Amino acid sequence: MEKLKIAGGYPLKGEVRISGAKNSAVALIPATILAGSSVTIEGLPEISDVEMLKGLLEEIGGKVTLENNEMTVDPSQMVPMPLPNGRVKQLRASYYLMGAMLGKFKKAVIGLPGGCYLGPRPIDQHIKGFEALGAQVTNEQGAIYLRADELRGARIYLDVVSVGATINIMLAAVLAKGKTIIENAAKEPEIIDVATLLTNMGARIKGAGTDVIRIEGVEELHGCRHTIIPDRIEAGTYMIIAAAAGEGILIDNVIPQHLESLIAKLREMGVVVEERDDQIYIPKTDKLKAVDIKTLVYPGFPTDLQQPFTTLLTKAEGSAIVTDTIYGARFKHIDELRRMNASIKVEGRSAIVNGPVQLTGARVKASDLRAGAALIAAGLLAEGVTEITGVEHIDRGYSFIVDKLSGLGATIWREELTEREIEQLENS
Ligand SMILES: CC(=O)N[C@H]1[C@@H](OP(=O)(O)OP(=O)(O)OC[C@H]2O[C@@H](n3ccc(=O)[nH]c3=O)[C@H](O)[C@@H]2O)O[C@H](CO)[C@@H](O)[C@@H]1O
Ligand SMILES: C=C(OP(=O)(O)O)C(=O)O
């Protein structure tokens with residue numbers, strides 16, 4: 001086990017290249033199960049979620065190669081092997097194995113997913129969708145059992161706008177008989193990316209990226225090659241770091257339109273954001289103004305950027321209210337930021353941040369992926385050294401974070417935890 005150490009307070013400058021999108025990758029990889037022949041995905045991020053999914057596809061008989069961020073999956077020998085435990089618990093997106101395996105084999109046994117604990121994360125809408133398509137779904141001892149004689153297209157209205165349920169229902173429906181309509185669908189760019197891959201595989205999908213998706217089931221799907229979209233959350237994290245501690249940072253391989261809500265909020269704070277074709281440039285910002293944010297489904301402000309944005313607000317002049325309407329308890333980073341001298345209080349679904357304060361280095365724990373991003377941003381701003389444990393969460397979603405930040409001039413490194421530190425963590 002490792003920890004991250006950051007000696008803060010150094011100005012950051014230069015260029016950083018964004019990797020492929022985690023939340024696309026984790027759906028594209030299970031989608032390959034549906035094909036009849038090999039699928040290649042280019043530009044995958046080097047994160048542990050991708051490695052976990054590679055292992056899961058191999059467990060069910062897939063032949064998988066992963067080299068230079070390019071994965072090729074030959075699904076021809078795959079079987080509907082139950083996956084009740086093990087790797088499925090290490091990530092959230094193992095839930096996509098439910099839709100993909102149900103679609104392909106008409107049966108699946110998948111353990112309940114892990115991933116970031118952000119308060120309750122139900123999957124009732126996924127299950128409602130599978131049932132509407134004709135599956136019997138039961139939950140037995142922490143695993144979801146899915147079985148169908150045949151899957152038939154259906155009209156499915158999602159009671160909550162859910163990224164996971166929208167993609168999972170698409171995966172299950174592309175090989176179903178007849179037409180499926182998903183109403184109140186989520187509109188995130190990752191959904192369009194998955195629909196693009198499935199369409200290249202021969203699926204018939206219309207409306208991905210709007211709130212009504214129409215799918216006409218086909219008999220079979222074939223192999224193809226697909227290039228993943230850039231990670232808007234990774235890009236947003238570096239934009240926040242650039243606004244907080246940058247002296248001119250160019251963020252390369254980004255689709256600026258995917259980040260309009262963040263760009264608008266940064267501009268409101270007084271940050272100059274230059275949008276180019278596939279790059280964003282943020283020069284040094286002298287003074288930041290506090291702004292309120294409220295997370296919403298896409299194209300609203302993403303919940304995944306709420307935590308790092310909170311760190312930025314500690315440097316802004318005035319009082320700001322951060323409200324998370326998606327995950328009302330996504331505030332585990334706040335206690336840790338307080339250890340670093342932040343002045344923040346949590347009231348219900350909101351955090352009230354008072355700034356500006358000079359953060360100071362401390363020993364802190366990343367409870368989840370974006371809490372980790374918030375603490376890294378804080379460490380870069382802080383006076384002194386910050387030690388961050390819980391690095392395994394950060395490695396789920398940020399490729400080469402130490403190298404990328406070092407390339408910008410940060411003093412950041414990994415260290416092995418001592419046995420005593422591991423013991424302390426296990427008892428905390
Ligand atoms: C692997 C992946 O892509 N993860 C992203 C995905 O998670 P995930 O797909 O888990 O998030 P959802 O979009 O499903 O969740 C949105 C909201 O709907 C609720 N809900 C969801 C499903 C359901 O069946 N019932 C239900 O009530 C959730 O509790 C939450 O309040 O979208 C989240 C919201 O943008 C992001 O934070 C995660 O990074
Ligand atoms: C919450 C996240 O991931 P997951 O849904 O995979 O836990 C995230 O990417 O911020």
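From the backbone N, Cα and C atoms, a Cβ is placed for every residue, glycine too.
TrEMBL labels come from automatic prediction, so no person has curated them.
TrEMBL lists Arg121, Pro122, Ile123, Asp124, Gln125, Asp304, Ile326 as binding UDP-N-acetyl-alpha-D-glucosamine, and of Arg92, Arg152, Arg155, Arg276 the one it places in that same site is Arg92. The Cβ of Cys116 (active site, proton donor) has 20 other Cβ atoms within 10 Å, all protein chains considered.
Least packed by the Cβ count within 10 Å, out of the binding-site residues Asp124, Asp304, is Asp124. For Arg92 (UDP-N-acetyl-alpha-D-glucosamine binding site), the nearest neighbour among the listed recorded positions (Lys22, Asn23, Cys116), judged by C-alpha distance, is Cys116. Close contacts with ligand 1, defined as a Cβ under 6 Å from any of its atoms, occur at Asp304 among the recorded positions Lys22, Cys116, Asp304. Sequence-distant neighbours of Arg121 (UDP-N-acetyl-alpha-D-glucosamine binding site) (same chain, six or more apart, CB under 8 Å from its CB) are Arg92, Gly115, Tyr327, listed in sequence order.
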